[in-house]
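As recorded in TrEMBL, the features of this protein are as follows:
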TRANSMEM  B:20-38  transmembrane segment
TRANSMEM  B:45-65  transmembrane segment
TRANSMEM  B:71-91  transmembrane segment
TRANSMEM  B:98-118  transmembrane segment
TRANSMEM  B:124-143  transmembrane segment
TRANSMEM  B:175-194  transmembrane segment
TRANSMEM  B:224-246  transmembrane segment
TRANSMEM  B:258-287  transmembrane segment
TRANSMEM  B:299-324  transmembrane segment
Amino acid sequence: MSPILEIRGLSKQFGGVAALAGVDLAVEEGEILGVVGPNGSGKTTLFNVVTGVHRPNAGSVSFRGRDITGSAPHAISRAGIGYTFQQAMAFAGLSMLENVQIAGEHVRAGANANTPWPTPQALLDFVGLTALADEKAGVLPFGSLRLLGLALALATQPALLLLDEPAAGLNDRETTALVGLVRQLPGHGITVCVIDHDMKLMQMLCRRLAVLDFGSKIADGPTEAVLADPKVLEVYLGGDL
Amino acid sequence: MSEGSTPQGKHPTHSVAPALRSLVPVLVVLTLIALVPLLSPSNRFLSLAISAGINVIALYGLSVLFGQTGILSMGHAALVGVGAYTAAILARDFGVGFWLALPVAALTSAVFAMIVGIPSLRVGGHHFVIMTFAFGQLLAIVLTNGGDYTGAATGLDMVGPVNLFGADMGDLTRYYLMVVAFVAVAAVASWAIINSSYGRTLRAIRENEKLAASLGINVGRHKIGAFVVSGVFAGISGVLLANFLGHISPTQFASFPSIYLALMVMIGGARLITGPLAGGILVAFLPEVLNLDPVQSRIVYGVCLIAVILLLPDGLIAGIAAFVRKVFTAKSKERQRQENGVVSNPSEARR
Ligand SMILES: Nc1ncnc2c1ncn2[C@@H]1O[C@H](COP(=O)(O)OP(=O)(O)O)[C@@H](O)[C@H]1O
Ligand SMILES: [Mg+2]
């Protein structure tokens, strides 16, 4: 089976900094792939380029066999790639429910279309925020804001979901809940690609890891093998592994 | 997605009732305004009120743009001018009357808005302000150098009377009532847009463009759409203006009138449905009430604008409403404290 997302030779410069230096990566349908690497290694930039926030300087991205390199963010969302940003965000002045409603209003046939999709209420339920449905998103505690972000991305009916540090700032209970939610997604036809620093979390979620360092992929394979790889250990020496 | 699911009826997609309530004050005020002729006001008052009303119609369009998306047009009078010149030229060359001129002028202004909006809104908010400003100046130059077709610097006379069900609208009181009716339609239209799912999408863009785009919202196209909608209001305002004044000239639609429109929408506040009405009336009647000459009134407006931006960023009406709410909740809390003899939990007091 061909991968759902295929990244080839992707490069992105910011001024003199090569945030991505020719990254190849394939995401297989139905998996939960982890992307790890030290701070500033280019993980967020990788997601930003895939989702059209930034244009790459070189390389290509194809999603379900279609070239989406350099497409606009809204077009990529409509094609079926959901994205939660590293900085949790929502439409602060609108209620939680309105937030999720808006997120579901711009879905096009290209997304995860054929499956019947949960209603906005059901999505809030899924992430455990039903009790706060009528609260303005701006007054939410941080953990709830992260979960709302997940509900927003899910409302776009993604076939592939990119999560950038979804557990950052969450307490243990919230993190456990998040792991439970993310694990269910492949069963609903959603492939997941997740960035996080927390290796324990990544071991729970991912059977496969890709490691970035200075904008290059230095390892890619089964989680245990990658975590035993001397190159990876060297990168993380004295770090948080 | 299992337990604790809410009954479907608990959260209606659009809460229409509270939204409808927001429309009531405007309609009440407009009804009162429509009764003013019973007090046999002076012609000067009627003329001033008609000008104010014509501005308010354009302001309702501007409030959709500014209030919902947060982008401000500094060339809005130019779009009013497009409507006015369209009406005048249609009447002169094709004998087109008022009622047919309305949709044609609305469409023409909308097309101009699109032409200005597409290149400038794709780039970003600051460029948009400058581009709309430049458009206003450019239009004045084109009209001034348009020879006989646009009447050059002297402008054009508006030929032909305005009739409604056979009644001649040349009468000042009748024209006044007609403008009030148009203002009501503009207010309702603007309210309907703001409370539609389209309006909510615009609000989402204003709150967070990056997030909106990541959720499949075509941010650029919606901003252009909001500007085009505001152009429709401006075009209609222009037709009413041309027919009221009977003569139009380029300077009426250059940058100063545009700045005034922006001022009115900021003073009144763009997010409340009462804002454009309040802003339009205030700016029109303030110099009259305070007996100011044009130079003095410009100074007063400048000071007002700075004060509003600094102190009441959501406009005068929203500022007053917030103040009233604060006084009210302080009083009710005071009363509660006296009744209970204890300091109540503020988060409970809010419910
Ligand atoms: N918008 C930007 N402008 C300039 N430099 C950026 C931008 N985004 C990221 N960078 C730089 O690119 C490199 C990779 O950053 P990032 O992708 O955020 O890393 P990570 O998510 O792995 O911590 C860093 O050196 C960072 O400073
Ligand atoms: Mg990052």
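Glycine too: its Cβ is placed from the backbone N, Cα and C atoms.
A contact between the transmembrane segment (B:224-246) and the transmembrane segment (B:98-118) is present, since 3 or more of their C-beta pairs, 6 or more residues apart, lie under 8 Å. Relative to the transmembrane segment (B:98-118), the listed stretch B:71-91 leads the set B:20-38, B:45-65, B:71-91, B:124-143, B:175-194 in CB pairs under 8 A.
Within the same chain, residues 58, 61-62, 65, 97-98, 100-101, 104-106, 108-109, 112-113, 116, 121, 125, 128-137, 139-140, 143, 149-150, 156-160, 223, 226-227, 230-231, 234-239, 241-243, 248, 250, 252-255, 257-262 sit at least 6 positions outside the transmembrane segment (B:71-91) and bring their C-beta atoms closer than 8 Å to a C-beta of that stretch. Tertiary neighbourhood of the transmembrane segment (B:175-194): same-chain residues 19, 22-23, 26-27, 30, 33-34, 36-37, 46, 49-50, 53-54, 56-57, 60-61, 63-64, 67-68, 162, 164, 169, 229, 233, 236, 240, 243-244, 273, 276-277, selected by CB-CB distance under 8 Å and a gap of 6+ residues from either end. Taking residue pairs at least 6 apart in sequence, the transmembrane segment (B:124-143) and the transmembrane segment (B:20-38) share fewer than three C-beta contacts under 8 angstroms.
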